[in-house]
Amino acid sequence: FPSGNETFEKLGAIGTLSNLLIYLTTVFNLSNIKAATIISVFNGTANFGTLLGAYICDTFLGRYNTLAAASLASFLGLLLIQLTAAIPGLHPPSCGKSSDAATCKQPTGGQMSFLLTGFALMIIGAGGIRPCNLAFGVDQFNPNTESGRRGINSFFNWYFFTFTFAKMISVTLIVYIQANVSWSIGLAIPAILMLISCALFFGGTKMYVIVKASGSPVTSLIQVFVVSIKKRNLKYLDSNSLFNYIPKKSINKPLPHTDQFNWLDRAAILTPADKINSEDGSPENPWNLCSLQQVEEAKCVVRVLPIWVSGIIYYLAIAQQGTYAIFQANQADRRMGNTKFQVPAATYGVFLMLSLTAFIPVYDRVLVPFLRRLTGKEGGITILQRLGVGVLISVLSMLVSGVVEEQRPTLGMSDRNRGEISSMSAFWLVPQFVLAGLAEVFGAVGQVEFYYKQFPENMRSVAGALNYCGIAAGSYLSTALIQLVHRTTEGAPTGNWLPEDLNKGRLDYYYYLVGGLGVLNFGYFLWCSSGYRYKKAKDEVVQPEVKGSA
């Protein structure tokens, strides 16, 4: 049920978002720059909101209750967005055949407010669903059995398989209905699917393994940093002199002491002024003394952060396939062969998803077992090696995007609102989408697995939030870079790189710029990876298999 619920949730949400760029430019008469900015800001805010969602989940509500409330918020948001298309008074009049979007009537403040309220509700929904859904799925496995551990490894791959399958349906069937039948009907389908998602989720309640909220692990992290600063002048001797305490109800595995980031060890130095509770051995004031276990958990997070930073540039490259690549398709020949049928511009993103869904089973069932026999590693290759391959392929996707755009003829075939349609077939964009899909198999799936395995067990919701924060930072960086390039090149001798009419711009230069940033990022990633130490539990033992366990 959690897997089925998540598939329907993605069918609903992405069915709206995948074509939203076109919706904002054609129905709300917004410019390309303004529409791309709104989408990037929305994605960034929704993804950064996962940090707040993770905090509320771990501290107060628990994963099940958070998912329940967030699913309902997502449904209401989708419903409001659908109403902007269904009710004429909630969107501006059609721009018609105008050749300049600036002359079209812009939406009123009330119309934009209604639309943004729908966005806000979807942000609330995303903030609860995104950090909790994977963690909730992992809760259903027993990590102390061999089949449970392997089940978790495959779960990440197959989660992305079902997730992408939902996206494929959304950018083909749903987007076609939105672009060629009716925006009102096309936006009603995601809302209905989200309602089905809620029904499926609540229908499986009695089957779930529900882990209750155990307090905020973020508070424990803050305590380590605060106490280490307080005790920065104390002399550190060795790990045997450090205070250690693990609560009986803790779900975290005991961690051995590591000699990295020794400045944090000072938080566990026991001084005469520190008092211990006689009942359970815990410190009376956790803001004056932390345990060695707390310190090592904080080190796990600190180790991950430099790798997370490299993911921002990775997601910057992937983000281009959801914005300017769609504009490329929208201004190219989208006819199927010699027929009059035109493929909706947003549907070309399906090639990214086809690439991902086709290669995930190959990776999980063929490549991983083969590499496992060669290397002896459970995952075939290390998680960081997987991430590195993803970063490298994302750079290649940008270079291919630039070459295709550079070779694209600008001779027009027919007039459109924002410039002539190029005579180049939009199917020449397929290679860059395929490469982006392969990058996702290694980079996106690898990052999710990396965060979940390297964070303490009670921080799985935060781990999910961190992944989405990387996506958010990539979206915000994309927004800032687009604005910077647009303003900087507007009066340059080469002309504006990113004008409304792509035929008059140099989008290829922009792609090469993103690719160059990716090359620098790959070097940074290799440097961070060279000194990384994987999390390893103390005296970790895999229990013998029990019949019926996962």
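Glycine residues also receive a Cβ, built from the backbone N, Cα and C atoms like all the rest.
Remember, predicted model here, so these are calculated numbers, not experimental data.
When TrEMBL is compared with the stretches 295-316, 383-404, the one noted as transmembrane segment is 383-404. Of the listed segments 17-36, 37-56, 457-476, TrEMBL assigns transmembrane segment to 37-56. The transmembrane segment (343-363) shares the most Cβ pairs under 8 Å with 425-445, out of the stretches 68-91, 183-203, 383-404, 425-445, 509-528.
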